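Participant: Here's a structure for you.
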């Protein structure tokens with residue numbers, strides 16, 4: 001299977017994508033486009049916008065004389081779902097810290113179920 005994937009990649013029939021995991025992902029669309037890769041959930045999606053990879057390749061040629069035959073742009077960041085999950089995680093940690101401070105100030109135990117490592 002891996003030899004076949006490598007051959008297809010070498011022929012330009014598929015594109016290898018690094019999504020921040022130990023496993024390589026392959027995409028069946030070798031046409032110039034932009035991939036958005038989430039660093040948390042490793043989801044890969046195509047940018048659906050008016051950004052033209054062809055214009056970028058033309059710009060590269062105009063500025064450098066380098067004739068690009070293919071272009072794969074990978075933008076790494078966080079998808080909306082993972083951004084929301086991170087905000088909720090931060091809010092939970094801040095709430096636990098506040099509850100612990102209130103517990104320490106009043107001499108009563110803080111919120112149970114929160115370990116020091118989470119704070």
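For all residues, glycine too, the Cβ spot is worked out from N, Cα and C.
Note that the coordinates shown come from a computational prediction; the quantities given were computed from them, not determined experimentally.
Sharing the feature lines straight out of TrEMBL:
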BINDING   38, 41, 79, 82  Zn(2+) binding site
Participant: Under a criterion of Cβ-Cβ distance under 8 Å and sequence separation of at least 6, what residues of the same chain contact residue 79 (Zn(2+) binding site)?
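Facilitator: Same-chain residues close to residue 79 (Zn(2+) binding site) (Cβ under 8 Å, separated by 6 or more) are 36, 38, 40, 41, 43, 45.
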Participant: Among the binding-site residues listed here, 38, 41, whose Cβ has the fewest other Cβ atoms inside 10 Å?
Facilitator: 41
Participant: Are there residues of the same chain, six or more positions away from residue 82 (Zn(2+) binding site), whose CB falls under 8 angstroms from its CB, and which are they?
Facilitator: 38, 39, 40, 41
Participant: Excluding 38, 41, 79, 82, which residues of the same chain place their Cβ within 8 Å of the centroid of the Cβ atoms of the recorded Zn(2+) site?
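Facilitator: The surrounding set, listed in chain order, is 39, 40, 42, 43, 78, 80, 81, 83.
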